[in-house]
Amino acid sequence: LAMLNQTEVSEFLLLGLTDIQGLQHFFFTSFLLLYLATLLGNGVIVTVVISEPRLHTPMYFFLGNLSCLDIFYSTVTVPKMLTGLLFGQQPISFAGCLAQLHFFHFLGSTECVLLAGMAYDRYVAICHPLHYVPVMSPRTCVLLAVASWVTGFVHATVHSVMTSQLSFCGPNHIQHFLCDIKPLLNLACSRTSLNMMLLNVITTSVVLGPFILIVPSYLCIISFLFCKVRCQEGRWKLFSTCASHLSVVALFYIPVLSNYTPPSSGKSTQKAMQVTLMYSAVTPALNPLIYALRNQEVKNALAKTLGRKL
């Protein structure tokens, strides 16, 4: 009987963003354009960072990683959501659901840790410029990037393995446009207290841990600029090198923190969906714009690359 229960639900039904037809068409067009902008913008940044020798520095190495992450991250959620908006409720197999959950948390938590690595890079560049080259050596940069990807992978594996142990025997309608942990726990027939505890403890740590490292980095940067840099122009010039990163951190962290902290807050599914939409579909499209528009080096490299192509 336990085996029967285990396999009774072989697929789930993603209910998607909305069932109002007019809104579906509007959302489909909007998110398709955003997704194409994500692929194009981040693809261009990866290409420019690889092809332009002047951008072979720690800051742009991390930016290349971030752009790769954003391409994968939106690809995990947006195409399935677009199909749902076009054809209505989307069936997804149990294995497909677990895979989506795994990659969603893998890439999301990797981004959290990577943003902390980028903040550390800016802190060393501004507060300890004479030590920048030895401290941010190629080896250090690769280790920081690998640590981000490995942390994300381990975190996601814990959740996907724990979720795969649950039995689902009742309703299979997921009130979301993707397979996330909380909506799945609501459908499980078996006990979910351990899963919930892991979500509260591990996920909150993975989200808050890097954020707790980012905040002091920027406090040190700001105090350094005001205490040690005398001229206004010099301050602004130095601060502008981290303005893009600060904007990306705000765009990513504000919605993520509101979704995962406080841990088991009883937020409405609709609210959680809107917030998830922000950091999984909107932010990845804005990141390349923020970096390209605010950064003269990226603009110059882009013009040079386009010049070569033409």
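Going from the start of the chain as shown, residues are counted 1 onward.
Here the Cβ of each residue, glycine as well, is placed from N, Cα and C on the backbone.
Keep in mind that TrEMBL annotations are predicted by a computer and have not been checked by a curator.
Beyond its flanks by at least six residues, the transmembrane segment (26-50) meets 17-18, 56, 60-61, 63-64, 67-68, 70-71, 74, 78-79, 81-82, 85-86, 281-282, 284-285, 287-289, 291-292, 298, 301-302, 305 of its own chain at Cβ-Cβ distances under 8 Å. Marked as transmembrane segment by TrEMBL: 26-50 (among others).
For 41-291, the entry in TrEMBL reads domain 'G-protein coupled receptors family 1 profile'. Confidence for the domain 'G-protein coupled receptors family 1 profile' (41-291), expressed as mean pLDDT, is 88.
Annotation source TrEMBL lists transmembrane segment at 62-82 (among others). Outside the transmembrane segment (62-82) by six or more residues, the chain places 14, 16-17, 28, 31-32, 34-35, 38-39, 41-43, 45-46, 49-50, 90, 92, 100, 103-104, 107-108, 110-111, 114-115, 117-118, 121, 141, 144-145, 148, 177-178, 248, 276, 280-281, 283-285, 287-288, 291 with a CB less than 8 A from a CB of the stretch.
Among residues of the same chain six or more beyond the transmembrane segment (102-120), those with a C-beta under 8 A of the stretch's C-beta atoms are 59, 62-63, 65-66, 69-70, 72-73, 76-77, 144-145, 147-149, 151-153, 155-157, 159-160, 178-181, 203, 206-207, 209-211, 213-214, 217-218, 245, 248-249, 252-253, 256, 279-280. Summarising the annotation, TrEMBL assigns transmembrane segment to 102-120 (among others).
Residues or ranges marked as transmembrane segment in TrEMBL: 141-158 (among others). For the transmembrane segment (141-158), the residues of the chain that approach it from at least six positions outside its boundaries are 58, 61-62, 65, 101-114, 117, 120-121, 198, 202-203, 206, judged by C-beta separation under 8 angstroms.
Outside the transmembrane segment (201-226), and at least 6 residues removed from its termini, the chain residues within Cβ reach (under 8 Å) are 105, 109, 112-113, 115-116, 119-120, 122-123, 126-127, 151-152, 155, 158-159, 181, 235, 238-239, 242, 246, 249, 253, 256-257, 260-261, 263. What TrEMBL records for 201-226 (among others) is transmembrane segment.
The annotation transmembrane segment is assigned in TrEMBL to 238-256 (among others).
Positions annotated as transmembrane segment by TrEMBL: 276-293 (among others). Long-range contacts of the transmembrane segment (276-293) within its own chain (CB-CB distance under 8 A, at least 6 residues past either end) are made by residues 17, 31, 34-35, 37-38, 41-42, 44-45, 63, 66-67, 70-71, 73-74, 76-78, 81, 104, 108, 176-178, 180, 244, 247-248, 251-252, 255-256, 259, 299, 302.
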